[in-house]
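K.L.:
One structure coming up, written as C-alpha cells, with questions to follow.
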Amino acid sequence: MGDPQAIIELLRENVSCNSGESNQIQYFKYGIQLIYVLPLGLLYLSFMITIMKRKKDRELFDDSFFTLLLADGTITLYFLMVDTSFFRLTSYVRPVCEFLIPYLKDPSYILTPFYTSYMYAQLAKMLSTLAMSVNRYTSVNHPVHHKVFWMQYCSKVIVAIFVIPCFCVWPVAIGTTSFLPFNGNGVINYEHVIPWARTTYGRLLISIPTLFFTIYSSIVTSAKLKKLGGHMKQVEFSMNVATVFTACGFVLVVALQVSYLLLDAETLLDKMWLTKVILAATQISNDFYMLSGPVVLLILDKRMRFSICCSNRKKGSRRATKVS
C-alpha cells in the first residue's frame with residue numbers, strides 16, 4: 001500500500017466494524033469457513049498424531065518429509081487457531097468487534113505478544129513450505145543422495161524454520177499495537193519504534209526466495225511426476241503431488257497480498273468492493289495453502305488413510321477391553 005503512515009492515519013480516522021452487510025450474512029460467512037476449517041484442522045492433527053505414533057513404519061512414515069510435515073502442521077494449526085479465533089471472529093461477528101474497540105483501539109502492549117506470534121507463524125509457515133519443496137526436489141532429482149542428505153540436515157532445517165522468523169518479527173515485539181478495524185475487517189497495526197526496522201523487509205527476504213524456488217521446484221517436480229509417475233512408489237508420488245498443491249497455494253496467496261499492497265489509501269475508500277474481493281480471495285487461498293497438502297496426501301494414499309482409521313479403531317478396542 002502506498003505510504004504506510006498514510007494508511008495508519010486512514011485506519012485511525014475510519015475505525016468501523018460495519019461491513020455494510022447484515023449480521024446474519026456475516027455470521028453465515030463465518031459459519032461456512034468454520035465448517036471446513038475445523039474438520040480439516042482436526043484431520044491434520046489426527047494425521048500428525050498418527051505420524052508420531054508410527055514414525056518407525058519404514059514403508060510409510062520413514063521419509064524425512066514427514067518430520068518436516070510435523071513442524072509444518074504445528075505452525076499451520078497454531079496460525080489457523082489464531083486467525084479464526086481473532087481476525088475472522090472480529091471481522092464477521094460485529095458485536096465482538098464493537099466490544100473490543102474501546103479496550104484495544106489506543107496504542108498499548110496488550111496485543112503485542114499475540115500479534116508477534118501471528119507474524120512469526122506466517123514467516124515460519126513460508127520457511128516450512130520452502131523446506132518441504134526442497135525435500136521433494138532432492139527426492140526427485142537427486143534420489144541417491146536424498147536420504148543421506150536429509151538424515152544429516154533435517155533437524156538443522158527444522159531448527160532454522162523456528163529460529164529465523166525471530167530475527168524478522170522483533171520490530172513488532174518492541175512496539176505498541178492497536179486494534180483498528182476497517183469497514184468490518186479486523187486489523188492490528190503496530191508502532192514502528194525504529195523507522196528502518198520493518199517486518200516488510202523480513203517478509204520479503206523470506207517470501208521472494210521461497211516464491212521463486214517453489215515455482216521452479218513445482219515445475220520440475222510436475223514434469224518428473226508426469227514422466228516417472230508410474231514407476232514411483234505410491235507414497236513418493238503422493239508426497240510430491242501434495243507439495244505441488246501447497247506450493248500453488250503459496251504462490252496464489254503471495255500474488256493476492258501483492259495486489260492488496262498496491263492499493264493506495266484513496267482506492268481503499270473509493271473502491272471498497274475491490275478491497276473486499278481481494279481480502280475474501282486472500283482468506284480462501286490462505287486456507288487452501290494451509291490445508292491442501294495433508295488433505296491431498298490422504299486422498300491419494302490409501303494406506304495413510306487406513307493408518308488414521310486403524311489408530312482410531314485401536315483406541316476403541318482398548319477402551320472396550322478396559323470396560324470388560
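Cβ atoms here come from the backbone N, Cα and C positions, even for glycine.
All annotation found in TrEMBL is predicted automatically rather than curated by experts.
Quick paste of what TrEMBL says about this protein:
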TRANSMEM  30-52  transmembrane segment
TRANSMEM  64-82  transmembrane segment
TRANSMEM  118-137  transmembrane segment
TRANSMEM  157-180  transmembrane segment
TRANSMEM  200-220  transmembrane segment
TRANSMEM  241-263  transmembrane segment
TRANSMEM  278-300  transmembrane segment
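For each listed feature, how buried is it and what is near it?
P.N.:
Counting same-chain residues at least six beyond the ends of the transmembrane segment (30-52), those with a Cβ under 8 angstroms from any Cβ of the stretch are 61, 66, 69-70, 73-74, 76-77, 80-81, 84, 88-89, 91-93, 283, 287, 291, 294-295, 297-298, 304, 307-308, 311-312.
Long-range neighbours of the transmembrane segment (64-82) within the same chain, counting only residues 6 or more positions beyond its ends whose Cβ lies under 8 Å from a Cβ of the stretch, are 37, 41, 44-45, 47-48, 51-52, 55, 114, 117-118, 121-122, 124-125, 128-129, 131-132, 135-136, 139, 147, 150-151, 154, 157-158, 161-162, 239, 287, 290-291, 293-294.
Residues 11-12, 15, 67-68, 71, 75, 90, 100-101, 104-113, 115-116, 119-120, 123-124, 127-128, 131, 186-194, 197-199, 201-203, 205-206 of the same chain lie 6 or more positions beyond the ends of the transmembrane segment (157-180) yet place their CB under 8 Å from a CB of it.
Sequence-remote contacts of a segment are chain residues at least 6 beyond its ends whose Cβ falls under 8 Å from one of its Cβ atoms, and for the transmembrane segment (241-263) they are 1-2, 126, 129, 132-133, 135-136, 207, 210-211, 214-215, 217-218, 221-222, 225, 274-275, 278-279, 281-282, 285-286, 288-290, 292-294, 296-297, 300.
Counting same-chain residues at least six beyond the ends of the transmembrane segment (278-300), those with a Cβ under 8 angstroms from any Cβ of the stretch are 33, 36-37, 40-41, 43-44, 47, 69, 72-73, 76, 79-80, 83, 88, 125, 132, 185, 234, 237-239, 241-243, 245-246, 248-250, 252-253, 256-257, 259-260, 263, 308.
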